[in-house]
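One structure is given here, and the rest of the page talks about it.
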C-alpha cells in the first residue's frame, strides 16, 4: 500500500542503496494471475475501509510478526499503530500460493498492493518491476533511519539523499500525506509544547490550530485520538496536501517545512497547480523507491507465509 511517512506515508524501503535486477511482467510465465489477485484483494480491502490505503509500508520485512525476544519492524514506534491492512497481503498471498506456490514474494505482493492502492484512491497506475526476494530478518531497530514528523527540510533532504532519492523526489513522495490519518501524539508538540519561547507553533494557521487542539486534548495519550492528514479529502490522492501547506495547514513539522526552502517551496507551489504533473512524478518516484535495497536472484527467500520466515 501507500507508504506511511512515514509516516506517516513516507516509509523508505531500505537503508541500503543497491541496483535492483527487477523487470515488469516478471511473473508472466510463472504466475500470470498474481497481479490480478493482489488488485482484487486491495479492492476488497478498500471497500471495507477506504483509509486503509495509507496503512502499509513498502518493504516486505515489515510484514514479519514479532517473536519473543525480537521486536519486528511492524511493532516499532515508527510503524505501530500507523501501519495496518496486513490482512490484505495475507489474503493475496494465500490465494497466490494456492495456484503457484513458492513463486511470488511477499515483497512483490506489497509493491503491487502499493501501486493498486494509489490507483484506487485517484492516483495514476504504473507498471511495477518485480523479482524481489524476501528477507529473513525484521528488526525494530531498522526503523531508526526513518525520518520522523519533526524533521526540517534540510534533515528530510539528507535522509532521502542517503537512500538515493533527490530533494524533488522527497517533496513528491511527501504528497502521500494527502491520504490517511495521524495519531495526535505525532504532532501534539506543535499544539502545546513547541519550544522554549512558545507553546504553540506560530507557523500553523490559527483556525487549524484551534481545530487540532479540539481534536487532540492536551496530555491525552489515547490511541484512538486520530485526525485526517488532509481534512478536505482524506481518502483521495490529490494535490490538496500541497494547497494545505501553502495555507499553513501542514499537519507535521515535516510537512510545513517544505515551504521554508526556496527550491522546495517552488515545488510545492508547482504541485499545487498541476495534478497530472504531481501524479506522474509520484508514480515515477514510487517505482524508483521500490527498487532501493531489494533482494534479487538467489538472495533471501520466497516466504510461504508473509508473517514468518521460512
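Every residue, even glycine, has its Cβ placed from backbone N, Cα and C.
Automatic, uncurated: that is what TrEMBL annotation is.
Annotated features in TrEMBL:
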BINDING   57, 59, 61, 73  Ca(2+) 1 binding site
BINDING   147  substrate binding site
BINDING   177  heme b binding site
BINDING   178, 238  Ca(2+) 2 binding site
DISULFID  31-100  disulfide bond
DISULFID  106-306  disulfide bond
DISULFID  184-216  disulfide bond
DOMAIN    21-310  domain 'Plant heme peroxidase family profile'
SIGNAL    1-20  signal peptide
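Counting Cβ atoms from all protein chains shown, residue 178 (Ca(2+) 2 binding site) has 30 others lying within 10 Å of its own Cβ.
When the Cα of residue 306 (disulfide bond) is compared against those of the recorded positions 31, 100, 177, 238, the shortest separation belongs to 100. Spacing of residue 100 (disulfide bond) relative to residue 106 (disulfide bond) is 13 Å (Cα to Cα, whole number). Working note on the disulfide-bonded residues 31, 106: by count of other C-beta atoms within 10 Å of each C-beta, 106 ranks first. Other Cβ atoms within 10 Å of the Cβ of residue 306 (disulfide bond) number 24 in total over all chains. Around the Cβ of residue 184 (disulfide bond), the number of neighbouring Cβ atoms within 10 Å comes to 21.
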